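One structure is given here, and the rest of the page talks about it.
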Amino acid sequence: PDLDQKKHVELKMDQALLLIHNELVGTSLTVYWNSESCYHCLYQVLVNVSRSGKPGTPSIAAVAVNTQHGSFLRLNNTSEEREVCRLEYKFGEFGNYSLLVKRPNNGSNEISCDLVVNKDPVDSNLPVSIAFLIGLVLIIAISFLRFLLSLQDFNNWISKAINSRETDRLINSELGSPSRADPLGGDIQLEAWRPSAPPSRLRCVDTFRGLALIIMVFVNYGGGKYWYFKHASWNGLTVADLVFPCFLNLVGNQIFLSMTSILQRGCSKFKLLGKIAWRSFLLICIGVVIVNPNYCLGPLSWDKVRIPGVLQRLGVTYFVVAVLELLFAKPVPENCASERSCFSLRDLTASWPQWLFILTLESIWLTLTFFLPVPGCPTGYLGPGGIGDWGKYPNCTGGAAGYMDRVLLGDEHLYQHPSSAVLYHTEMAYDPEGILGTINSIVMAFLGVQAGKILLYYKDQTKDIVIRFTAWCCILGLTSAALTKVSENEGFIPVNKNLWSISYVTTLSSFAFFILLVLYPIVDVKGLWTGTPFFYPGMNSILVYVGHEVFKNYFPFQWKLEDNQSHKEHLTQNIVATALWVLIAYILYKKKVFFKI
Ligand SMILES: *[C@@H]1O[C@H](CO)[C@@H](O)[C@H](O)[C@H]1NC(C)=O
Ligand SMILES: *[C@@H]1O[C@H](CO)[C@@H](O)[C@H](O)[C@H]1NC(C)=O
C-alpha cells in the first residue's frame, strides 16, 4: 500500500478535505500549495499523486487543506517538473472537495483540472455571529430594564410588589452582614493612588482600559481559535494586535493625570521617583517570575526563562515615560479657561524637552532598524524569514530587532513560538516584546501622555478637547497611510506587531485617540453610558491580567471539550472565561478591593 494514497485524513479545525483524482495514465503529479496571506512565499509540497494504472481508474490522494485564507494550488508533472495546471480557491471548513485532473475526451492535449464540491463546508463564522447577536440582545434588554427602572411609577410598583428593602434588611440581619455604611474591613489599598481620588480619574479612560483588557483576556484564552482573534502572522492587523498598544497608550494617559494630582498634593519629586522605580521593578518581576511560560518546567528552569514579555515591556515603558514626565513636570496653568483661544498649543509647547527626547529615541529606532548590519541578512530587512521573501533569508526573522535580541539575550531566553512560525515556517526564536521594539512602545505611551495632557489642560472645555483629539487622530492616521502606502505588505514600513514598527504605533495611536474621542463625550461629558461592564476590569487591570494568566488552565476558565476541533465550543469556553473575569472585577469593585502596585 502506498502511503501517499491514504484516503483517510483526520481533519482539524480550519481544514477541509481535498481528494486529488489523477486520471492521467503514466503521469504522476506533485501538488504544491501556498496561502494567499503568505507574502512572497515559496510554494510547499502538499502531496504526491502517483500515476493512474489504466484509463478510468484514477489514482486518488487525500489531503487536508487550510481554510483560513484563500489557497493557491499548483500541479506539476513530477518527472519533468512541468506545470500541469494551477488554481486559486477558498476552501471552507470541514468541506469535502475533489480535484479531477484528466485529459478531456475530445482528444486535445490540454489537461483539465476541475474542482468539485462533494460535501458543503460548515459556516465557521456562524458561532461568532450568534454570540454577537446574543450580546446585542442582552445589551438591549438591560438598557430597556434600566429605562423601566428609571421610571418613578414603575419603580414604586416594583418595590411594593416585592418589598425589596424589607427583604434585604431581613436577609442581612439574618446573616449578620454589616450595613453599607460600615467601613469595610477587606480594603486592600496598597497605595495612595486611590481610584476614588476625583481629579485624577476619568471614567472614559477606565472604560477604554477595561475594554482593551477584556479583549486581551478573550484573545489570550484563544479567541475561539479564529485566526482574526489571534495575532497576525507577520504584517497586518487583527483584533488581537489592537489591545496591547491601546493599553500602553492608557498607561501614558494615566501617568500624566495621576502624577499631576500627586505633585499638586505636595509630594516630592524624589519620593515619586522612588515609587515609579519600585512599580516598574514589581511589574518586571511579576512578568519574569509569575507570568512565565516556562514555569511549568519547574522553579529552577532559569536557563530557559523568557526574559522579555508583556509586563516587562510595560514596566520599562512605564519607567521611561514616567521619569521623563517627572523630570520636566511643570504645574498645569490654572487659568486655562480664561484664555479662549482654540488654537493654543499649550499642551504641546509646554513639553518640548520631552518631544525632543522622544524624537531622538525614534531616530535611534529608525537608524538601528534600517542601518544595523546583520550577518547573512540584508540590511534593513523587515520580513519574517522562513519561507517568506521566496525563502532567501530563512534565518533573518525580524531583521535588526531579532538579531539584537538573539545577541544580547540569547536564543533560549526569547519567545520560542513567534506568530510567523505556522504560516512562514519560521524556525528562529523571535520575541515580539524584544528590546528594539521597546523604543516604539515608549513612543506609544508618550502619545498617551499627550492625550492625558489634552484632557487636563483643557479640562471642562469639551470643544477644545474634541478638536485636539480629532486633529491627533487625523495626523497620526495620515502618517500611517503615508508610511504603509495603505497596503499590508508593500509600504515603506508595514504595520507590524512583531516588530512594533512605527507605522503600527501611529495607526494604533490614531485608533486610541478615536476611541477616546467617542468615549469622552458619551461617558464623561454627557454621562449617557457609565462604561458598564468594561469599567470594572479597567479599575483592577493588574489583578485581572495576572489572574487570567495564572488561572488560565483551571476550571472554570477551561474545561474538557467534547469536540476539541470545534470553533463553537472553544468560543463558548473563551467567552464564559472572559465573562467570569468581568464578574470577578465587578465583585471586587463592589467590595472596594483594588489591587494596585
Ligand atoms: C468525501 O467525498 C467522497 C466522494 O463523494 C467520498 O468518497 C468520501 O468518503 C468523502 N469523505 C469524507 C471524509 O466524507
Ligand atoms: C539557518 O539556521 C539553521 C539552523 O541553525 C541552519 O541549519 C541553516 O543552514 C541556516 N540557513 C542559512 C541560509 O543560513
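Just so you know, glycine gets a Cβ as well, placed from its N, Cα and C.
Note that the structure is predicted; figures quoted are calculated from it, not measured.
Annotation comment: TrEMBL describes 201-332 as domain 'Heparan-alpha-glucosaminide N-acetyltransferase catalytic'.
Summarising the annotation, TrEMBL assigns transmembrane segment to 128-149 (among others). Proximity of distant same-chain residues to the transmembrane segment (128-149), defined by a Cβ-Cβ separation under 8 Å and at least 6 residues beyond the stretch ends, is recorded for 155, 158, 224, 226, 571, 575.
According to TrEMBL, the feature transmembrane segment maps to 210-228 (among others). Within its own chain, the transmembrane segment (210-228) has Cβ neighbours under 8 Å at 13-14, 68-69, 124-125, 127-128, 238-240, 242-244, 246-247, 250, 515, 531, 533-539, 541, 544-545, 548-549, 552, 557-558, 567, 570-571, 573-575, 577-578, 581-582, 585, counting only residues six or more beyond its boundaries.
The feature transmembrane segment is assigned by TrEMBL to 234-256 (among others).
Marked as transmembrane segment by TrEMBL: 276-295 (among others).
Feature annotation from TrEMBL assigns transmembrane segment to 354-374 (among others). With a cut-off of 8 Å between Cβ atoms, the residues of this chain six or more beyond the transmembrane segment (354-374) that come close are 324-325, 328, 348, 380-382, 396, 399-401, 403-404, 436, 439-440, 442-443, 446, 449, 499, 502.
TrEMBL lists 435-458 (among others) with the feature transmembrane segment.
Look at TrEMBL and you will find 465-482 (among others) tagged as transmembrane segment.
When Cβ-Cβ distances below 8 Å are used as the criterion, the transmembrane segment (502-522) is approached by residues 202, 204-205, 207-208, 211, 237, 241-242, 245-246, 249-250, 362, 365-366, 440-441, 443-444, 447-448, 451, 455, 462, 465-466, 469-470, 472-474, 476-477, 479-480, 483-484, 491, 493-496, 528-529, 531 of the same chain, each at least six residues removed from its ends. Positions annotated as transmembrane segment by TrEMBL: 502-522 (among others).
As annotated by TrEMBL, transmembrane segment applies to 534-551 (among others). A Cβ distance under 8 Å defines the sequence-distant neighbours of the transmembrane segment (534-551), meaning residues of its chain 6+ beyond its ends; these are 195, 203, 205-211, 213-214, 216-217, 220-221, 247, 286, 290-291, 311, 557, 577, 581-582, 584-586, 588-589, 593-597.
Proximity of distant same-chain residues to the transmembrane segment (571-589), defined by a Cβ-Cβ separation under 8 Å and at least 6 residues beyond the stretch ends, is recorded for 127-128, 131, 210, 214, 217-218, 221-226, 533-534, 536-537, 539-540, 543-544, 547-548, 552, 556-559, 561, 595. TrEMBL lists 571-589 (among others) with the feature transmembrane segment.
Here the transmembrane segment (465-482) has Cβ contacts under 8 Å with residues 342, 347, 447, 450-451, 454-455, 458, 492, 495, 503, 506-507, 509-510, 513-514, 516-517, 520-521 of the same chain, all six or more residues outside its ends. Summarised by DSSP class, the composition of the domain 'Heparan-alpha-glucosaminide N-acetyltransferase catalytic' (201-332) is 96 helix, 1 strand, 35 coil.
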